[in-house]
């Protein structure tokens with residue numbers, strides 16, 4: 001009776017973390033008490049793996065370090081308990097068979113039980129292999145010691161798995177938060193046309209985050225339970241090894257087999273390369289286009305216009321602006337061939353070049369065409385890089401003749417100039433372009449090594465107007481501006497504008 005009471009008292013003053021009698025007990029405001037060293041170590045572990053969260057290891061109620069109080073009453077009980085020992089009579093009863101009252105001296109290998117000599121002769125143990133406890137105690141001590149070492153190793157693996165799953169959980173949270181931030185930033189600049197797509201994509205990300213973190217949280221809980229199970233087994237083995245021979249041998253084979261057959265449950269994880277891609281309709285293409293412009297703008301060069309001897313073109317003093325003095329120019333409708341009655345009509349083409357030649361690398365610039373109802377711009381190749389350019393005699397807007405340009409006529413008709421047929425080598429074919437929002441500013445990007453020329457509608461969030469591919473850059477190319485018959489100037493924008 002007394003031993004049962006003592007066991008109940010001992011349980012009340014046992015640390016839930018180390019499972020030993022409390023040492024320098026500290027109590028939380030939730031009522032649970034822990035060893036000072038144990039709760040301090042738990043606090044440090046929480047700071048490492050739970051981003052500063054402090055909660056009771058038993059009930060998980062949060063606490064503040066300043067609210068922890070020493071529990072002197074419990075400390076006194078522990079001190080008294082350490083002085084109390086079982087009476088000789090109670091100790092003697094523990095060593096005797098509960099059924100026969102005889103001394104427990106034998107060990108039954110088949111049943112893994114400590115028995116008396118009458119038990120050995122009973123039907124229950126007849127034919128079993130029995131040994132004196134002294135004969136097998138050392139053997140099983142070694143086996144349990146080996147099992148303990150194996151279990152400790154598995155505990156380390158379990159703790160590492162627990163730490164890894166927490167780290168992965170935090171990594172996923174950071175990664176998805178980072179993705180959400182980027183998505184929000186991109187949508188902020190495309191707000192007028194992407195409000196619905198942003199909301200939909202963020203909902204998908206939230207669902208993805210919820211599903212992944214829910215699964216990882218479940219795995220984390222399983223890993224915590226697994227680790228706790230390991231601690232309990234280790235505590236049991238340590239108790240056996242430190243206790244009597246009877247404690248050592250009672251059920252020893254079963255626990256050894258259980259430990260030997262134990263396998264650690266691995267958490268379900270998610271590989272980042274298995275993540276879904278943007279699924280919003282057309283959103284990926286829109287964002288890629290926007291990012292293409294963002295990347296192109298990294299190569300913005302400060303383009304100025306070269307002097308020329310064309311009487312119809314007027315270049316401003318800052319060499320950034322060109323306008324037409326003579327409005328006469330020949331321009332056919334989209335979808336038709338560009339023709340001239342005679343070569344003298346070339347004299348009415350008022351195109352001018354940028355002063356910078358492009359022979360390698362990536363180059364980007366922007367042209368302000370606001371309020372103009374006609375213009376041609378892009379790049380051209382093949383002219384001498386001297387101080388004066390005279391290109392009046394050679395304007396034939398075809399890529400095979402060194403022109404990669406787009407144009408506007410009548411205020412709303414946007415076109416790209418492509419190579420004409422072999423029957424009309426001097427007549428480019430004009431293909432209409434679909435432009436939803438008329439650009440006030442056009443970005444031009446040349447990738448010399450990739451042999452591409454791209455045109456962006458800056459007014460419409462950088463949407464791609466047209467892209468020339470497989471350009472034959474056999475000569476240096478130059479920025480090209482032609483204000484055409486419209487007297488409103490074209491202006492080269494500075495990188496800081």
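If you go along the chain as it appears here, the first residue is 1 and each next one adds 1.
For all residues, glycine too, the Cβ spot is worked out from N, Cα and C.
Annotation comment: Swiss-Prot describes 2 as N-acetylalanine, evidence class similarity to another entry.
Per Swiss-Prot, the feature zinc finger maps to 15-60 (among others); the stated evidence is sequence analysis.
For 87, the entry in Swiss-Prot reads phosphoserine.
Here Swiss-Prot flags 92-133 (among others) as zinc finger. Cβ atoms under 8 Å from those of the zinc finger (92-133) belong to residues 86, 245-246, 249-254 of the same chain, restricted to positions at least 6 beyond its ends.
The Cβ of residue 125 (Zn(2+) binding site) lies under 8 Å from the Cβ of 108, 110, 111, 115, 119, each of which sits 6+ residues away along the same chain. Here Swiss-Prot flags 97, 100, 119, 125 as Zn(2+) binding site.
Per Swiss-Prot, the feature coiled coil maps to 137-225; the stated evidence is sequence analysis.
Residues or ranges marked as region 'Required for interaction with GABARAP and for autophagy' in Swiss-Prot: 187-200. Per-residue pLDDT, averaged along the region 'Required for interaction with GABARAP and for autophagy' (187-200), amounts to 67 for this model.
The annotation domain 'B30.2/SPRY' is assigned in Swiss-Prot to 283-497.
Taken residue by residue, the zinc finger (15-60) breaks down under DSSP into 14 helix, 8 strand, 24 coil.
Within 8 Å of the centroid of the Cβ atoms of 97, 100, 119, 125, where the record puts Zn(2+), the same chain has further Cβ atoms from 99, 102, 115, 116, 117, 118, 120, 122. Close to residue 97 (Zn(2+) binding site) in the fold, though at least 6 residues off in sequence, lie 103, 104, 115, 116, 118, 119, each with a CB less than 8 Å from its CB. For the zinc finger (92-133), the number of residues in each DSSP class (helix H, G, I; strand E, B; coil) is 12 helix, 11 strand, 19 coil.
Residue density at residue 119 (Zn(2+) binding site): 21 other Cβ atoms are found within 10 A of its Cβ, drawing on all protein chains shown. In sequence order, 116, 118, 119 constitute the residues six or more apart from residue 100 (Zn(2+) binding site) in its chain with CB-CB distances below 8 Å.
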